[in-house]
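A.B. asks: First the structure, which I've put down as structure tokens, then a few questions once you've had a look.
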Amino acid sequence: MLFLDKGRIEALRRRLIEWYRVYGDKDLPWRNTADPWAILVAAFLLRKTTARQVVRVYEEFLRRYPNPKALASAREDEVRELIRPLGIEHQRAKHLIELAKHIEARYGGRIPCSKEKLKELPGVGDYIASEVLLAACGSPEPLLDRNMIRILERVLGVKSAKKRPHTDPKMWSTARRIVPKDPDMAKEFNYGMLDLARKICTARKPLCTECPLNDICIYYNND
């Protein structure tokens, strides 16, 4: 098991949450709901587009299709037209309707709070399953994507031997140890990770002098 400095982890948690409360994108509607269907819809709409683009169609989408049953019986051309501003609307509409039909047929329209069962849904992998568990089921799951991985690598020196670190079970295990156990704090921590990586700890030319983690960051202090 990888050794992680407890003091550094505590500082990482505290500062990320404090930073998120001031600078994070707390107004995003899917961050203010515990409805698993709304969270799944957001996850599918957010693929290959930006949060600000999704905001424009998200609430109208949920107004028309407030549950899996409503979307399962929808016409694909109507769904495509609604989400056209996001791009790849043919693929996106097909996958969303397929997801809704599967939830209706398999679970009677109820979305399970089980990672194994969530991952059986079409188009749902570890990350989206974790999103649902975190936001709808009160489970302190990590949202391990390239953004969180970048911060783990830079701040804590956590490295994966795999070419695709987000598929590395060891990275998932490490991330779970870092996420706070309190469900509300776990959400703030994860969202703080995503926002900090997008705004400050960017892949190229990170704004290290503006980062709340710079004095505990291995990357910054070894640069």
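For all residues, glycine too, the Cβ spot is worked out from N, Cα and C.
Heads up, here are the entries from Swiss-Prot:
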type: BINDING; residues: CYS201, CYS208, CYS211, CYS217; note: [4Fe-4S] cluster binding site
A.B. asks: Within 10 Å of its Cβ, which one of these binding-site residues (CYS201, CYS208, CYS211, CYS217) has the largest number of other Cβ atoms?
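C.D. replies: Of the binding-site residues CYS201, CYS208, CYS211, CYS217, the most buried by Cβ count within 10 Å is CYS201.
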A.B. asks: Under a three-state reading of DSSP, tell me whether CYS217 ([4Fe-4S] cluster binding site) is helix, strand or coil.
C.D. replies: coil
A.B. asks: In terms of DSSP three-state secondary structure, what is the assignment for CYS201 ([4Fe-4S] cluster binding site)?
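C.D. replies: Once the DSSP labels are grouped into three classes, CYS201 ([4Fe-4S] cluster binding site) ends up as coil.
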